[in-house]
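Q: Structure provided below as C-alpha cells; questions to follow.
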Amino acid sequence: MISFVFPGQGSQRIGMGEDLFGRYPELTAKADHILGYSIQELCRDGERLNQTQFTQPALYVVNALSYLKKTEETGLKPDFTAGHSLGEYNALYASGAFDFEEGLQLVKKRGELMSRAKGGGMAAVIGLTHEQVTDVLRENHLDMIDIANMNTPQQIVISGYKEDIEKAASVFEAVNGVKMVHRLNVSGAFHSRYMLEAKEEFSRFIESFHFKPLSIPVISNVTARPYEQRELKETLTGQITGSVNWTDSIRFLMGRKNMSFEEIGPGKVLTGLIQRITAEAEPITDEIKVPAEAGKSSITAASLGNEEFKRDYQLKYAYLAGGMYRGISSKEMVVKLAEKGMMGFFGTGGLNIAHVEDAILSIQHELRDGGSFGINVVHNMKHTDSEEKMIDLLLKHGIQNLEASAFLTVTPALVRFRAKGLKRGAGGQIIARQRIIAKLSRPEVAEAFLSPAPDHILQKLAAENKITAEEASLMREIPVAHDICVEADSGGHTDGGVAYSLMPAIIRLRDDMMKKYRYGKTVRIGAAGGIGTPEAAMAAFMLGADFIVTGSINQCTVEAATSGLVKDLLQQMNVQDTAYAPAGDMFESGSKVQVLKKGLFFPTRASKLHELYQRHRSIEEIDEKTLRQIEEKYFKASVSSIYDKVKAHYSNEDISKAERNPKEKMALIFKWYFRQSSASAIKGDPDAKVDFQIHCGPALGAFNQWVKGTELESWKNRHADGIGMRLMEETASLLNQKLGSFLQTC
C-alpha cells in the first residue's frame, strides 16, 4: 500500500512549480484568475513567497499540479492521503472532496485569515516527547502556550503570544534532554486558541461549499484518523485552532499493511519527518471505521464520468448537450448549461455565418467571467466552402470546442481547426488549444478520427500557409479528435445504432489506436442517443462512457429556440411516437433522420417524395394525379412557384446544374418541402402543423414518462441546466442503490 503525503508551510522555495505551469496552462490560468495575480511570478518572488497569504495558495497549487503529474505519468493512485497543515487541503483534493478551483478558494481564504494574526510566535522543541513538553509547560505555569504540531516523537512545536514563546523558549533551553529550541519565522500563533477568530470566519466561509464523498481515505491532522464524511467541514475548520498530530497520523498509516510513503510537492521535509517517526515510534493498528452511510453516498453527480475530461473542459459535470440544427440548441441554452458547470453546443446547421457570429459574440459576452461552451458543425458534402468559412469564424473568435456531426471522414477544415495553435509544452507534451469532439456511430469513421491527420492534407495546408510547419509536424503525433462521442439511435441524423454494441466496439478500437500510435493523452469516449432517464444514463456510464451527451430532451425546454407549438407536441410524446424519414440535407443519398410522427404527416410525405425521386428521372414523369396531390397537400402551391423560390435560395451554379439535369431539378424542388417543414415548425405556423419536421428520438418519450406527475411534466418548467443536474443526480443515486443491492447479494 502507498500513502501520498503533501507538505505545508515551510516547504516553499523560490522557483517551485516551474516545470508544472507550462504543463498545465489551463489550471495555471484558473489559479491566476482566482488569486488575482500570476502564480508563476509569485513562485519566483522570494519576499512574497514567505508571506502566509501568498505561501499557502502557492503551495496548494504546486502540490496539486505535482499530484496530477504524478498520477498521469505513473497511473498510480494512493491508498491513503495525508497532508501537513496546509497540505491537508491537497490530500482532500486528491480524494475528490472538492475540485482544484474550490480548494484554491478555500486555501486563499485560509491564508488571508491566518496572515491577519499578529503578535504571535511559534517554536520547535527538539529532544522531548509530547508528554514531556506538556509537563514542562505545566510545571512552569506556561498555561498561555498551546501545542501546535507533533511533527515527530521528539519534535514538538509550541504556539502562543510572542513574549510567552520567548519566555517558554528560555525555559526549554535549560531543560535536560532538549537538543535545540528553534524559533519559527512567523507572525501568528498558528494552530492554537489564538486563531479562534480566524476559525469562526472560516467556518462561515466554508458553509457555502458542498464537499463530495471522499474516494480515498484522508488522514486528519486533528484526529490522526481518517476523515468522516459527515464531519468533514467541522474537522477541516477545527484544524485552524487544533494541533497537527503528524506523528500519530503516520503511526496510524504505519499500522496498515506494508505501507510506503511518497511526498508530493516541493522539498523533502515530510520525508525526513516520516523517517524519524518510523524509526522512533510503533504503528497504531486501530481498525478503520467506515461510516454506515458511506456505501450509500460514494457516487455523486459530480463524480460521474472521467475526471480528466471534466478538468480539460473546465466542467463540474461530465454532461454535454449536443448541438441541434438551426440554433434550436440556442445561445440561451448554452449559457444556462455553462453557468452550472456543464457544456452545450450551439447548433449552426442551416444558419448563415452572420447569425452564427452574432450568437458567438453574445455567448462570449454572457460567459465573460467563465464557463465552457462549444459550436456544433454539421458536415456539408456538397458545399465544403461553407465548412471552411465556419472554421474561419471559429478561429477568428477563439472558439476552442467543436462538436463535429455527420462527418464520414476527416476534412481539411477540421484538420486546420485542430492544428491551429498546437505547441509543445515544457515537459515535452503537446498542448492542443482546439478540441474536436467527433460525434459518430461507425467504427471506420471512428478510426479516421482516432488517427493522426492524413499526411496529404497536412502537406497541402502547410503549402497553402494555412498551418505552420510546426503545427503540421505536431499533428502527426495526435489524433484528429480530442474526444469521441458514440451516437446510438438518436433524433435527427442517425444510423439507428445500438449502444450495447457500439460502445464496447469503439472503446476497444480506441484502446488499439492508443497503442498503435502511442499517444500521450487518452481519447475519452462519450455516449449519446437514447439518454433521457437515469436508467439510460447509468447504462451509458456502466458501458464505459467518460461523459454523456443528451439531445432530444433539451428540445422541449424553455431555452430551446423552437416554437411553443412544437414543445406542446413533444411534451405529449411517448417512446413509440417517432419514425424515420429521408434527410433533407442528404436527400439524394437516402440518409435518414428520426422525427416525431404522432399527429404529423411529415414522415409519410417525406418518404413519398423520396420514393418519387428514386422512381422518376424528372418531375414531368410524375403522373398528373400524384403531382396535383403534392401541389395541393404538400406544397400548397404549384411546382412552378416552388421552383421560383428554389431559384431565389440556391446559387447560380446550383440552378445551372438543375437546368441541365431534370433529376437534379426535381431534387431541389422536393428539398424545398424539407426546409419549409423545419422552418414552419420553428416558427410555429398552426396552418402548417401537420407538416412539421421535428427531429426527435425516443429518449424524450422516456423522459416524459419519468417526469410525469412532477413539476417537469410541463415544458414551461423545464430548463436545460435543471434537467442536466437532475438527470446526473438521479443517475448517481440509482447507481448507489444498484451497487448497494449488488454488494448485499455477494
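Even glycines carry a Cβ here, placed using N, Cα and C.
Here Swiss-Prot flags SER85, HIS191 as active site. Among the features that Swiss-Prot reports, region 'Acyl transferase' is placed at 1-312.
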Q: Using a 10 Å radius around its CB, how many other CB atoms surround HIS191 (active site)?
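A: Looking across every protein chain shown, the total is 25.
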Q: Given SER85 (active site) and HIS191 (active site), what distance in Å do their CA atoms have, once rounded to a whole number?
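A: If we compare the Cα positions of SER85 (active site) and HIS191 (active site), the gap is 9 Å.
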Q: For SER85 (active site), what is the tally of other C-beta atoms lying within 10 angstroms of its C-beta?
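A: The Cβ of SER85 (active site) has 24 Cβ neighbours within 10 Å.
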Q: How would DSSP class HIS191 (active site) in three states?
A: coil
